[in-house]
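A.B. asks: Sending over a structure as structure tokens; questions will come in a sec.
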Ligand SMILES: CC(C)(COP(=O)(O)OP(=O)(O)OC[C@H]1O[C@@H](n2cnc3c(N)ncnc32)[C@H](O)[C@@H]1OP(=O)(O)O)[C@@H](O)C(=O)NCCC(=O)NCCS
């Protein structure tokens with residue numbers, strides 16, 4: 001086998017197409033959506049504004065935003081048949097399998113009629129995903145059949161209200177909103193590329209999103225925030241974190257929540273979510289998990305020059321908000337759906353089927369021996 005880095009394995013550094021949606025590691029803080037820096041969006045916009053931006057290319061004005069929020073709020077409830085399917089999924093199912101089934105089954109009940117229907121289909125998924133996740137979770141774990149609508153205007157607030165059955169605090173609403181913005185879009189990452197490949201066959205939006213969820217499920221992509229949470233919960237103190245991480249590195253284990261395929265020195269999303277995690281830790285009244293996370297960050301940088309990616313401080317932030325670890329990656333779905341759907345729309349606008357070639361490394365041409373003569 002050729003050296004992975006020299007052979008271009010993982011298509012690293014190779015352009016696989018054009019996009020107007022996003023730059024990664026190029027300008028501003030390192031991440032832009034439609035020309036806006038992610039830190040500017042996190043400070044000055046809401047997730048609904050970002051969703052509108054990705055689907056329409058421009059930020060909405062107030063009237064457009066009000067209409068968009070009203071439209072999304074009106075699309076939140078789940079069909080009874082979907083609720084029945086969610087009730088059948090066992091408690092120990094992987095929550096990403098629940099999201100995959102939810103997206104796919106909704107596509108059976110309310111298929112995308114044609115490409116002119118793509119915005120409705122994308123908005124329907126955006127509005128329905130928080131309920132798909134929490135309806136299954138609360139039914140299978142608590143035996144409760146929740147109502148799938150709330151009065152919350154924001155998708156982040158709506159999710160928290162569905163999960164807890166309570167009105168979320170302003171701080172929690174704000175952090176969920178920022179988190180959804182940070183995860184919304186990231187150029188040709190594995191799950192988005194999956195969606196684009198599927199779209200390039202002129203398939204329907206629900207198939208593109210279902211496939212993307214499958215790619216996001218893997219621990220090297222979306223699953224890293226859950227793995228980071230499991231890791232930091234095992235550390236009893238900042239000192240213990242450093243000792244245990246040294247052992248992990250010696251055993252050549254991957255430390256989840258660190259490193260990135262494109263960013264080389266830092267992930268611009270980290271500084272933003274880290275700030276909110278600190279504020280949450282103060283509200284929570286016990287900052288030990290935050291302090292342990294900071295120790296991990298310092299240790300990895302000092303020893304390996306590896307930096308936290310978006311997932312690492314998301315782990316403690318979600319923990320402080322009382323979100324069960326198994327729902328971390330499904331929240332990523334609720335957000336990244338916007339990027340996926342925007343890429344599907346962009347692919348359809350100027351489509352050619354994506355069909356790369358491979359460098360053949362198999363045997364020389366040969367002919368089939370009669371079976372009795374084979375060793
Ligand atoms: C994101 C990731 C898949 C990128 O992989 P990649 O592009 O192959 O990474 P790089 O080429 O920068 O890796 C350089 C070296 O650092 C090591 N490295 C990278 N991330 C590491 C991590 N989190 N822990 C330990 N070592 C790591 C690699 O093993 C590699 O070592 P090698 O040269 O001995 O093979 C990788 O960093 C990783 O697995 N991180 C953990 C999972 C994660 O947090 N994913 C979420 C991404 S947003």
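For all residues, glycine too, the Cβ spot is worked out from N, Cα and C.
Straight out of TrEMBL:
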{"type": "ACT_SITE", "residues": "260", "note": "active site"}
{"type": "ACT_SITE", "residues": "311", "note": "active site"}
{"type": "REGION", "residues": "355-375", "note": "region 'Disordered'"}
A.B. asks: Within its own chain, what residues at least 6 apart in sequence put their Cβ under 8 Å from the Cβ of residue 260 (active site), listed in sequence order?
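C.D. replies: Correct list: 267, 307, 309.
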A.B. asks: With Cβ-Cβ distance below 8 Å and at least 6 positions apart along the chain, what are the contacts of residue 311 (active site)? List them in sequence order.
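C.D. replies: Expected: 224, 225, 228, 256, 257.
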